[in-house]
Amino acid sequence: MNAHNVQTIKNLFMNSSDFVIKEVEVAGEKALLCFYLSLIDASEADRQLALIGAGAQNKIESWGGSTSSTVYPFSKEGLLKEVCTGNVVVVFPDSNLLVSISALSVPERSPEEPKNEEVVRGAHNGFVENFNRNIGLLRKKMQRPDLVVRSYQQENSNSQINLVYLDKAAPPEVVAEVDLRLQNIPFREFYSTGQLEDYLEDTIFSPFPQFLNTERPDRVVYNLLEGKVVLFSDSSPTALIAPVNFFAFYESPDDFNSRVVVGSFYRMVRLMAFFVAILLPAFYISVVSFHSEILPLDLSKHLMDLLKEVPYRPLVEALILELFIELIREASVRLPQRIGQTVGIVGGIVIGDAIVSSGLVTNLMVIVVAMTAIASFVVPSAEMNMAVRILRFPFMILAASFGFLGMVFGTLLLFIHLLNLSSLKQPYLTPVIPFDPSRFKDIFFRVPFFRPDRQQPTFQFRKGRDK
Amino acid sequence: MKVRMAPVQMFLMLFIVQTGTVFISFQTRMIEVLGRDAWWVLVALGLLYFPHIWLFERFHHSFSWTPVVSILYGLYWFYTMVSFTSYTVYTLNVWAFPKTPLVVVIVMITILLYAASVSKPSTAVNLGVIMMPLIIIFIVFLLFSVKSLVWTNLFPVGESDLKTLLKGMGPSQMPFIGIELYLLLRPFTKGKLTNRSLIVYSGLWHLFFLFMLVVPLAFFSLKEFEIVNHPIIYILKSQYVTFVERLDLIFIYIWMAWSIVTLCIYGFAIMRLMDLNHIKKPPRLAAFLCVPFVAIALFLAVKERITIAAILFPYFHLLFAFILPLIVIFFNRRKQRKEETRP
Amino acid sequence: MKRMLIAVWLLLALPLLSGCWDELYFKDLQIVTLIGIGGGEDDVTVHFSYPMYTDSEIEYMTSEASGRSFSDARNNVNMRVSNVLDISQLQVLLISDESAKGQLYDHLDNLFRTPKNRLAAHVALVQEEIEPYMGGEEGAPGLPKNAPDYLNKMLATVKEYSLTSDYNLQETCMLLFDEGKDLSLPLLHIAGESGLPELKGTALFRGQSYTGEYLDPNEGKMLNLLTDESGKFLRETYMVKLGDESVPVTIELIGARKNWDIGDSAIRLRYKIRVEIDEFPQGPVMKKDRIHELERQLTDAVEADMEKTVDKLQKAGSDAIGVGRRVRAFHPRLWKKGDWHDTFSELDIRVEAEVRIDRTGILD
């Protein structure tokens, strides 16, 4: 009888070799112990098992229930699900019961600061690959009961997507919208939050991210307070924040930790960097190949001397350098940190110098491209950084063919696109467009926080305004 | 599509539409005809703006966009768009791109217009906002020229006789073009507008155009207006700043962006007309309209034809901003009254 | 969204169809910084001076061409230069005094009409031949290699010390069309001993053409005072009588206020001039009664100088002060009397100046 049961269960788990099933006796009753050896903490499971046994022996009514264990009536699905999530399951074939004991043990990082979002001042912890630990970090920071977590089970898999929001701050229509979209996701298993983003975004074919990615709990906290919703997948340290506006990507937790004046200054510098990163190479190209008359004379004399040596058109020159910088960046990201630095030095200094002296590009172009690259790295968000770097190529092409005219057309098209864009149906450029004076200043200034009587939301849902 | 906008947005749209293409060119014709009297004529005519828009505000409920009216206005706006486009392209051609074929620039503008027209309505509504900082820059740089203005150029006045004044009415209508859009845009704004907001708007409009007229009039001598046809850009060209040469080149593009936004708003207006008349698939119709748009704009983009198009404008304006609204409102009110009296 | 994408692709594809019609690669250009116009009507000779780079050394080259008009000559020069000559970075425009005696605007129309040209260039007249001013091999012996820079800076300095009027290309053209004010331009000549270009004075125009009359630098300063358009410094030295001895005193202009009184037959140009004592080796200015004596004598001297200048202007029939602007605007009867240049010559114009010493420097 038991041997038959054991075989059936083993078959259920495809005879996987890390699946363990043992016959034990709990409080005088025969039981089967099922678990994945790879997922559990054995000593913890034994302790729990002993406790349950003791409880059952003493005829306590709720002998199987505790913070880490639950009793269910036996079912195949229940068994599969519990074992797959990493629980130890005790099956009582005689009384047709199933006790699941959670004793999960998987290798885990400590919540150290995320590498790509470091700040100068402020909390230095980050999310890890475990949702419960992550939400723990959040709950520790904001100890309030209206922090709500909603879990969405994925089909075919037992991992979850978790929606976190502050009930008092988040507008119900936004929560309802996310809820709808999450439920409409077809069954699939995600292996990155980026895929989740694709399902939820308003406009997928846009270079601009419509969800803010972060691994920093403090960033999540202030976004929650502003009434946004946050999505966590089960096994990724990245949280997705929505709805966001364009300017959210240019805010860093550092702003709030630094002095008011300093924070405001750097926020403005960052916003300026957006335009520099997109338009500077295009501007240079159009000046050199179309509108040289706008150069002041002293500069133009010098430029003429530099250009004399270079055989290529400015566009080719710019493309060579831009692609080269992209290569350095990509290489140094992929390589381990120590070698990455070497790549930077070799690429930046050695090749950079040689490429000028060999007459492939001019010095001025090196300056332009380097400034552009630096301006694009200023953006605190990695996704926006990518968007900005991609965008300058079409601008360069337009500038090379029409000069300033092309740049103006490109800019207008970019603005039309940005105006069309929305994040969870909220306009992307708010509060500049639609203009909202009370929040307008927040984009450019880090406003003092000495009278926090009311949390300023990012989006307003005023009636009578076109959105 | 349900469109709603705040009064500020509506006024901004109206302002951009009315200023857009016109403001760099209306001076020359006006000054050519009226001489130094141009400025007080504009002061006087501008005072009529408020009553005009006040009447629109008072009676806009009675203006209904029946198919016939919509088609008439649609054609007028289409014509406006085309001639503005060809004017813009011509100006660009002269100032910045002598060798680029006109058709390329026209096609580029058309692509932009199409992209804006098929976007969400809010895009066209809000496109004007990006112009605001540019308008301010424009005016600031124009103010640099104040030190080289010769104020005696504004005097003496009162030299033109009645006939010249009447002749001058034509070119003086240019700043008023686009006022009829108020009838279309107004229903999107709910609630009552106070007289104060109308006064503020018409005051701003008046100041802007007066500034754009007085500065060139004081900058150039009268004889020069015979040869200078874009006085505002010429003033910017002659401004000398240390960090960059040829300010005009930068400003001609600001003006171009301004013009394109104006055109986008006209496009928006035409799309709304389609919407009001329940046309299926407006984007497709818009795409079809692009073809004659490019063709006619290309045809018009010659100095002579542009001038003719500009001469026609005041008459169209008279028809579409005065006569047609008057007729439509009058008939609608009579119909309404009849319906009321009927049991 | 799909439509937006199509729009982007179309816009990006356009350049591929075409090429770049208006591209004018900076490398292919040769920026010209100095232009000289000589010759008379129908036979204009234009000189160009431009920097060339050979092995990171700047060399100034010159070319000349003649043609029926300025533009014709400018096109003709392309027969003998390696790169396209680009005059959009023009610094100085020189015109020979003989050419300026014709219709000056004829030579300038092309510069004014083509949008690419720079209108902030200095304009000056030169006496006799143009070649010596252009630098290069035929240049004046004392002239340094970089003639354009030299002339540019020289004209800027001359203006800074208010020795002459200074109008850039744009203002020159505007004044040519202005009915109420006549053009005046710096006049250069090659000084005998140094062989360098030097300011000779201020050339006076009547309407479109150069009258042949010019003001000397001292009168040039007075003209600046009269028009109230002086440069950064306006300094002048006068001899004053203190007791028996005659001592020099240098004054520097602080500011002036003009108050013109225009009647039907007479015009009074009243000026209140505030000055600072720049040099007075005789010791304290503020000594009892001395300041009033100084002010009185300075007033007389300045007034006499200004009178002299106005007389010269009247003789030339050139209203470089711009009295006509005021007359045209507010005194139509006087304006309509006839040609303003004639009216200006015949009118009774007197200057009444009042000099007040406001500062005495850091010494008393």
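Using N, Cα and C of the backbone, Cβ positions are placed for all residues, glycine too.
For the transmembrane segment (B:7-26), the residues of the chain that approach it from at least six positions outside its boundaries are 84, 87-88, 91, 125-126, 128-129, 131-132, 171, 174-179, 181-182, 185-186, 188-189, 193, 197, 201, 204-205, 208-209, 212-213, 229-233, 255, 258-259, 261-263, 265-266, 310, judged by C-beta separation under 8 angstroms. Marked as transmembrane segment by TrEMBL: B:7-26 (among others).
Long-range contacts of the transmembrane segment (B:38-56) within the same chain: residues 27, 30-31, 154, 157, 165, 168, 172, 175-176, 179, 182-183, 186, 195, 198-199, 201-202, 205-206, 209-210, 213-214, 217, 321, 325, each at least 6 residues beyond the stretch ends and with a Cβ under 8 Å from a Cβ of the stretch. Per TrEMBL, transmembrane segment is recorded for B:38-56 (among others).
Under the heading transmembrane segment, TrEMBL lists B:68-90 (among others).
TrEMBL lists B:96-116 (among others) with the feature transmembrane segment. Sequence-distant contacts of the transmembrane segment (B:96-116) (same chain, six or more residues past either end, CB-CB distance under 8 Å): 81, 85-86, 88-90, 123-124, 127, 249, 252-253, 260, 263-264, 267-268, 286-287, 290, 293-294, 297-298, 301.
Same-chain neighbours of the transmembrane segment (B:123-144): 3, 5, 9, 12-13, 15-16, 116-117, 211, 215, 232, 235-236, 239, 241, 247, 251, 254-255, 257-258, 261, 264-265, 267-268, 271, counting only residues six or more beyond its ends whose CB sits under 8 Å from a CB of the stretch. Residues annotated as transmembrane segment in TrEMBL: B:123-144 (among others).
Annotated transmembrane segment per TrEMBL: B:197-220 (among others), in sequence order.
Sequence annotations record features per position, and here TrEMBL assigns transmembrane segment to B:250-273 (among others).
Per TrEMBL, the feature transmembrane segment maps to B:285-302 (among others).
Positions annotated as transmembrane segment by TrEMBL: B:308-332 (among others).
Packing against the transmembrane segment (B:68-90) from elsewhere in the chain are residues 20-21, 25, 102, 105-106, 109-110, 113, 177-178, 180, 184, 256, 259-260, 262-263, 266-267, 269-270, 273, 276-277, 289, 293, 296-303, 305-306, 309-310, 313, 316, 320, 324, 328: each is 6 or more residues past its ends and has a CB under 8 Å from a CB in it. Within the same chain, residues 25, 29, 52, 56, 59, 62-64, 66, 69, 72-73, 76, 79, 83, 86-87, 169-171, 173-174, 176-177, 179-180, 183, 300 sit at least 6 positions outside the transmembrane segment (B:308-332) and bring their C-beta atoms closer than 8 Å to a C-beta of that stretch.
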